[in-house]
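Chemist: Can you keep this structure in mind? I'll have questions shortly.
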Amino acid sequence: MSNCIVAQSGGPTSVINSSVVGLLNANKKLKAFDKVYGGLNGIEGILNKNIIDLSSISDEEIDHFRFTPSSGLGSCRYKLSDIDSCSQEYENLINILKEYDITSFFYVGGNDSMDTIAKLSKYARINKIDIKFIGIPKTIDNDLMFTDHTPGFGSAAKFIGTSVLETYLDASVYVNNGIFILETMGRDTGWLAASSCLAKLDNKSVVDFIYLPESAFDKDQFLRDVKQRFEEQNKVYIVVSEGIRDKNGKFISELQCSSQDKFGHAQLGGVGNYLKNLIIESGITSRVKSLELGILQRCAMHCASYTDLTEAFKVGELALIHAAEGETGKMVAINRDSNEPYTVSYSLVDSDKVANHVSYFPSEWINEAGNFVTEEAYSYFKPLIKDLPNLALKGNLPKYKVFNQ
């Protein structure tokens, strides 16, 4: 009997390890592979033979691993070269997989990870190599095509909604309140910022304005809107995506952006402070606070969505099942069948269709003024954040387990 390997790539999420455990669980039932290996630090680690046997780890440790946030196998941002320009890189990887008698490779990740799956499956097909390559979706950005949503997003949305409620209450304690700006991740899409619409008190949104990359940002209109709302209620709560752009497509925070990652993506951040200074300089009020959630929104297992955890587990299970059936070059996708009651089904999509494409927040879910979202958006988000995990504790803190330390 042959073996398989699973690895994680890109930014972490709260539920990425649940997909690995789902895969392990499926193999325990099917006995499709003798061993399930884990590649530490993604494909980069596999190329360096940083590989462990996950099959030998105790059930108790695996259970703790499932409820551990972040990438417990480690991650990387390693971009495979095009097949034509550097076939040696592919040959090296295939030789390592053969050395470990690996016939199925699973990659948990987002757009760039699906690009890796597409390239590897193409290389295997061209060279008649019998190794299956399957992508398992993961990204808090919720920007993968051909899937209703991605594992990791629901938990990030739950954390953002909770953070909005709590910071709103904190910012509302004084007679003379001010303006609060919360900055979320979201370089190309506004799914994360838009999910802040979930935060309600007495069935009323606590957020006044939401600004997304999909809607051109107008500085002057922004100041007029904020000024009017502040005069009406003596406080304003604003949520902004880090990737908002002007009408020419230029990042509002571009002047503060000085670096790119290996995939050429701008390393954004700081737009909240930019808007804060803009408001103060306009004379609306000097009482303005800005908070950048940063990495907190990625790995908050204490505030994760149990629905998200369950779906992450399921796509891991199905990835192994489909590989055992002979599928390759695919990604497991989630299809929403119903909102109320919330039900989903699963399917396979070609990884090359997902790779390097972006699922944008629907323009029809943005209000005409471009500064909030519609009720349809709220209905989309609501079932994704249902329930909380019951975490094991050690020393009255969550008991976590990783394998990359």
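Even glycines carry a Cβ here, placed using N, Cα and C.
TrEMBL labels come from automatic prediction, so no person has curated them.
In case it helps, TrEMBL gives these features for our protein:
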- Asp141: active site, proton acceptor (ACT_SITE)
- Gly11: diphosphate binding site (BINDING)
- Asn111: Mg(2+) binding site (BINDING)
- Thr139, Ile140, Asp141, Met185, Gly186, Arg187, Glu242: substrate binding site (BINDING)
- 4-302: domain 'Phosphofructokinase' (DOMAIN)
- Asp112: site 'Important for catalytic activity and substrate specificity' (SITE)
- Lys138: site 'Important for catalytic activity' (SITE)
Chemist: Out of these binding-site residues, Gly11, Gly186, which one has the fewest other C-beta atoms within 10 Å of its own C-beta?
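Modeler: Across Gly11, Gly186, these binding-site residues, the one with fewest Cβ atoms within 10 Å is Gly11.
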Chemist: I want to verify one value. Collapsing DSSP to three states, which class is Glu242 (substrate binding site)?
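Modeler: Looking at the DSSP assignment, Glu242 (substrate binding site) belongs to neither helix nor strand, so coil.
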Chemist: Please report the distance from the Cα of Met185 (substrate binding site) to the Cα of Asn111 (Mg(2+) binding site), rounded to the nearest angstrom.
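Modeler: Counting only the Cα atoms, the answer is 16 Å.
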Chemist: Let me know how many other Cβ atoms fall within 10 Å of the Cβ of Asp141 (active site, proton acceptor).
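Modeler: If we count other Cβ atoms within 10 Å of Asp141 (active site, proton acceptor), we arrive at 26.
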Chemist: Rounded to a whole number, how many Å is the Cα of Asp112 (site 'Important for catalytic activity and substrate specificity') away from the Cα of Gly11 (diphosphate binding site)?
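Modeler: Here the two Cα atoms lie 11 Å apart.
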Chemist: List the residues in the vicinity of the substrate site, defined as same-chain residues other than Thr139, Ile140, Asp141, Met185, Gly186, Arg187, Glu242 with C-beta within 8 angstroms of the site's C-beta centre.
Modeler: Asp143, Thr184, Asp188, Thr189, Trp191, Leu192, Ser241, Gly243
Chemist: Find the average pLDDT over the domain 'Phosphofructokinase' (4-302) in the predicted model and report it.
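Modeler: For the domain 'Phosphofructokinase' (4-302), the model's average pLDDT rounds to 94.
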Chemist: Across all protein chains in the structure, which of the binding-site residues Ile140, Met185 has the highest Cβ count within 10 Å?
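Modeler: The residue with the most neighbouring Cβ atoms within 10 Å is Ile140.
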